[in-house]
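What follows is a set of notes on a single structure, which appears directly below.
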Amino acid sequence: MSLSDAPLLRALAGDRPDRTPVWFMRQAGRSLPEYRELRVGTRMLDACLTPDLAAEITLQPVRRHGVDAGIFFSDIVVPLRLAGVEVEIEPGRGPVFAEPIRTAADVERITSIDPESLDASAVAEAVRIVVSELGETPLIGFAGAPFTLAAYLVEGGPSKEHMRARALMHTDPESWHRLAGWLAQVSRVFLQAQIDAGASAVQLFDSWAGSLSRADYLEFVAPHSTAALRDVTAPIIHFGVGTGPFLADMRLGGIADAVGVDWRMPLTEAISVLGPDVTVQGNINPALLSAPWPVLEAHVRDVLAQGRGARAHIVNLGHGVPPETDPEQLTRIVELVHSI
Ligand code: CP3
């Protein structure tokens, strides 16, 4: 077998490989004791920018669970840090910016940074180490979509409703488009750096897009997500949470090779909305990871059965692994998916 025959890459190309590929969002992280041990004394963003450490954390879940892909250990705000924006990740909370971007002048200032000038050499080095260790298992690179990044940047930190970012679109559309256009370029540079260093596929995370109306998504967001993926030279997975009302639009006019589906919408319904020419990814309910194995097993079997209606299916969760998850449950899921 060679890397190009890897089940994940075949599924992204629309084939049905003999083995259904499976990986988990947030597979590298706090559910693993070996991760928690490595992270002691190192801040999240410093860990992301230390090539040996980021590489080792990326590899941990691949070794432990036998998943069909590595997801690069980094964060959506890493390219912003590399562009010189002051940001930290607070444990248990998420990204926090020293200066929120709220006014036209704030937008002017941040967008005057040239996205092409960001130095992604630490990221590229980590990717190279991972890819050489992974062999025939593909590495998925990723970036945050412009809206999800803006949801943090405009608010200054995590928020439930992302009200300020959603308001900016309407109160000052020109500044919004300028900011989102800049974020798209930053994410595109980050994605391409990972691909150039050997990542085989990429996932664009628009985790918070579900707070938007379809109309706002189409007018203020989709064009910028499309720009983030323009000329990206690897297969693309596009993921959001709560995006049922505009799931078909998440195909971004056909640029996405796969669309990620959260746990709210049955895969059969997602497949009928998405149509026959896109691969689906998902959608095990993360809440069931804490259920007794027979309950979780029945759910995983149901997700697999529903996925048969798609041109191809990549098994994943409907969102990230909760930190309190027993990693054994993830290993069992991989074994089950590979046995069917
Ligand atoms: O295993 C993987 O998925 C790879 C690594 C990865 C991380 N963040 C590591 C991380 C990926 C792909 C991300 C993307 C990311 N970061 C997203 C989109 C995906 C999603 O979950 O919706 C978002 C919204 C962020 C922003 C962010 N960074 C949040 C909300 C948090 C969690 C805060 C917390 O502590 O609960 C982070 C921190 C973060 N990113 C951690 C990890 C492993 C936890 C850091 C720690 O160990 O304390």
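Each residue, glycine too, has its Cβ placed from N, Cα and C.
Database features (TrEMBL):
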DOMAIN    21-30  domain 'Uroporphyrinogen decarboxylase (URO-D)'
BINDING   Arg26, Gln27, Ala28, Gly29, Arg30, Asp75, Tyr152, Ser207, His319  substrate binding site
SITE      Asp75  site 'Transition state stabilizer'
DOMAIN    140-156  domain 'Uroporphyrinogen decarboxylase (URO-D)'
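Cα of Ala28 (substrate binding site) to Cα of Asp75 (site 'Transition state stabilizer'): a distance of 11 Å.
When the recorded positions Ala28, Asp75, Tyr152, His319 are compared by the number of other C-beta atoms lying within 10 angstroms of their own C-beta, Asp75 comes out lowest.
A separation of roughly 14 Å, to the nearest angstrom, links the Cα atoms of Arg30 (substrate binding site) and Asp75 (site 'Transition state stabilizer'). Mean pLDDT for the domain 'Uroporphyrinogen decarboxylase (URO-D)' (140-156) in the predicted structure: 97. A Cα-Cα distance of 15 Å separates His319 (substrate binding site) from Asp75 (site 'Transition state stabilizer').
Separating the Cα atoms of Tyr152 (substrate binding site) and Asp75 (site 'Transition state stabilizer') is a whole-number distance of 13 Å. Neighbour list (Arg26 (substrate binding site), Cβ cut-off 8 Å, at least 6 residues apart, same chain): Gly320, Val321.
Secondary structure by DSSP for the domain 'Uroporphyrinogen decarboxylase (URO-D)' (21-30): 0 helix, 1 strand, 9 coil.
Neighbour density for Arg30 (substrate binding site): within 10 A of its CB lie 16 other CB atoms from the protein chains shown.
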